[in-house]
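So the structure is just underneath, and the comments pick up after that.
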Amino acid sequence: MRKVRFRSRTEHTLDTKGRLNFPRRFSDVLESFESQDLIIAPFKTHLRIYPLAEWEELETKMHNHGGEQNLSGWVRYVVGGVVEAALDKQGRLLIPQTLRLDAGLEKNVVLNGMLSWIEIWDATAWASEQQAVRDGFEDFSEGLRNMGIL
């Protein structure tokens with residue numbers, strides 16, 4: 001059976017209450033999970049949305065290895081900032097104000113599928129990030145070769 005993944009990116013606008021119209025292609029992927037519950041987590045320059053099952057796998061990794069390599073501060077930041085969420089009846093996701101402020105999200109945002117999770121970026125920050133990736137594309141060559149992609 002083919003595993004369903006979050007792929008592609010879309011531009012969206014947050015409404016005045018911080019709600020986001022969740023793209024149908026992402027909600028279709030979400031339907032493949034037992035639970036429709038989501039976890040929204042802060043991640044320095046953006047937010048990440050995880051299906052609950054994916055988040056629980058990450059929590060297990062953090063529990064087993066979070067004390068290693070001085071990761072306790074990172075675990076504290078991420079786990080302390082998570083919010084459990086679900087889509088409303090209109091298919092919208094409420095992004096709490098604390099998380100919007102933390103990630104610098106104002107109105108225009110980009111949702112980017114990352115296979116197991118979705119990123120939410122401020123549109124301006126996303127453009128800067130993409131330019132930095134394009135400028136340093138050669139830096140990925142060795143890793144891509146090791147994966148058999150190049």
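Glycine residues also receive a Cβ, built from the backbone N, Cα and C atoms like all the rest.
In Swiss-Prot this protein carries:
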- 9-54: domain 'SpoVT-AbrB 1' (DOMAIN)
- 82-125: domain 'SpoVT-AbrB 2' (DOMAIN)
Tally of DSSP helical, extended and coil residues in the domain 'SpoVT-AbrB 1' (9-54): 10 helix, 20 strand, 16 coil
The domain 'SpoVT-AbrB 2' (82-125) - residue tally per DSSP class, helix then strand then coil: 10 helix, 18 strand, 16 coil
Overall pLDDT for the domain 'SpoVT-AbrB 1' (9-54), taken as the rounded mean: 94
